[in-house]
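**Student:** Pasting in a structure now, in structure tokens, and then I'll have a few things to ask.
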Amino acid sequence: MKRLARSLYLQVLLAVVLGALVGHLFPATGASLKPLGDGFIKLVKMLIAPIVFATVVTGIAKMGDLRKVGRVGLKGLLYFEVLTTVALAIGLVVARLARPGAGMNVDPATLDTKAIASYTNGAQAHGTVDFLMNVIPRDVADAFARGDILQVLLFSVLFGAALAALKDKGRPVLEFVDGLSLVLFRIVGFVMRLAPVGAFGAMAFTVGKYGIATLLSLGKLIACFYATSALFVVLMLGLVLRWCGLSLFRFLRYIKEEIFVVLGTSSSESALPLMMRKMEKLGCSKPVVGLVVPMGYSFNLDGTSIYLTLATLFIAQATNTHVTLVQELEILAVLLLTSKGAAAVTGGGFITLAATLSAVGNIPVAGLALLLGVDRFMSEARAITNLIGNGVASVAVSRWEGELDQARARAVLAGTVPEEVEPANEPEPPAVPAGAGLHG
């Protein structure tokens with residue numbers, strides 16, 4: 001009982017189980033508990049923009065070398081492109097081999113498209129050009145108010161670069177932002193005490209509204225997706241961590257609290273603040289974490305990438321739409337663009353899938369109606385895979401930059417270093433002599 005009182009992940013796990021039971025036994029009550037999950041996610045999202053700002057600004061300003069900032073960003077984008085391409089390809093291969101939609105013989109004309117109208121209409125506004133232009137905020141206040149991670153990240157990089165260029169004159173501002181970061185993460189600690197409540201409400205709503213019967217009706221597709229996501233984590237991400245000299249299973253145990261929070265809320269964004277702090281404590285470079293993790297929430301959605309190719313071919317198979325190998329490669333090419341616009345929030349993958357089907361053309365968009373009921377049950381695996389992928393990305397880019405404290409990382413994963421201890425590569429910044437840059 002004492003362990004339950006101290007352990008967040010056990011509390012969240014218990015809340016998820018209880019939420020599923022309430023949703024199954026009392027569907028109407030479960031469906032009415034949605035505000036608990038939504039409220040928790042809103043509390044976390046309230047903190048994401050200022051945390052990204054504070055972390056990125058202090059990281060870049062202390063780094064001093066602006067060429068290094070560009071190098072880290074480019075390495076991060078290259079890593080994201082390779083891993084998400086592999087994830088898309090794996091989803092495509094599994095869909096071809098397992099054929100989860102074969103034999104359903106669905107006539108697209110008989111499907112009710114009213115329920116998916118909001119997704120298809122929203123997808124029209126998520127084109128590649130719109131996405132790229134949206135990285136530039138209309139104004140800074142608007143970016144922070146809406147919590148747009150990429151817009152906040154762009155402003156934060158510019159702000160941090162300006163602080164580094166100001167050198168000594170920027171020291172008071174840097175110290176203020178550094179202190180702000182400590183306050184924000186303390187607030188995160190307060191908010192995370194409500195994680196079990198949010199997980200309970202979100203799970204009760206999911207099971208209460210959609211029911212176990214919906215889950216069983218498309219069991220083959222769900223099983224394929226969960227198995228493929230697990231395979232990607234174990235093989236691909238495990239291989240990356242092995243290159244970094246770390247154990248995948250110890251890494252997963254280290255981030256178990258974040259995994260269970262995401263499991264309960266179906267949103268990898270709900271664990272972003274905790275994940276950034278965990279990666280710093282693991283021994284990753286703070287500037288790398290500040291750049292890579294926020295960018296990853298738009299460019300490194302491995303779980304969503306697997307889902308997109310798997311779901312696209314599932315709809316084609318279910319509606320008896322013949323897709324040639326050339327067309328599959330075209331789908332892959334389209335998804336290389338549209339998947340980068342998938343938000344790390346619940347439902348983002350579904351909207352991106354609608355955009356992809358619209359762009360491809362030969363697969364009926366009406367087929368989305370087949371997924372509407374079960375999509376929510378697959379969002380947990382999407383979000384967890386996205387979370388793990390972004391954590392591994394920060395480790396990999398830190399290792400690539402030569403700024404991963406491997407000895408500390410192994411000790412932390414082995415449990416021989418208390419998590420409360422600040423990372424060894426983040427000492428208190430010394431006084432900066434005249435004419436020097438703002439190095440940490």
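The backbone N, Cα and C atoms fix where each Cβ goes, and this holds for glycine too.
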**Student:** Check each of the ranges 246-266, 288-308 against Swiss-Prot and return the one annotated as transmembrane segment.
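**Tutor:** So the range that Swiss-Prot calls transmembrane segment is 288-308.
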**Student:** Short question: which residues 6 or more past the ends of the transmembrane segment (187-207) have a Cβ under 8 Å from it?
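**Tutor:** Apart from its flanks, the transmembrane segment (187-207) reaches 8, 11-12, 14-16, 18-20, 22-24, 27, 29-41, 43-44, 47, 51, 260-261, 263-266, 270, 273-274, 277, 376-377.
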**Student:** Quick one: do the transmembrane segment (74-94) and the transmembrane segment (8-28) have at least 3 Cβ pairs under 8 Å, skipping pairs fewer than 6 apart in sequence?
**Tutor:** no
**Student:** Excluding the flanking five residues on each side, which residues at least 6 beyond the ends of the transmembrane segment (40-60) place their CB within less than 8 Å of a CB in that stretch?
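**Tutor:** Long-range Cβ neighbours of the transmembrane segment (40-60): 66, 69, 143-144, 147-149, 152-153, 155-157, 159-161, 163-164, 174, 177-178, 180-181, 184-185, 187-188, 191, 194-195, 197-199, 201-202, 265, 267, 269-273, 276, 285-291, 294, 346, 440.
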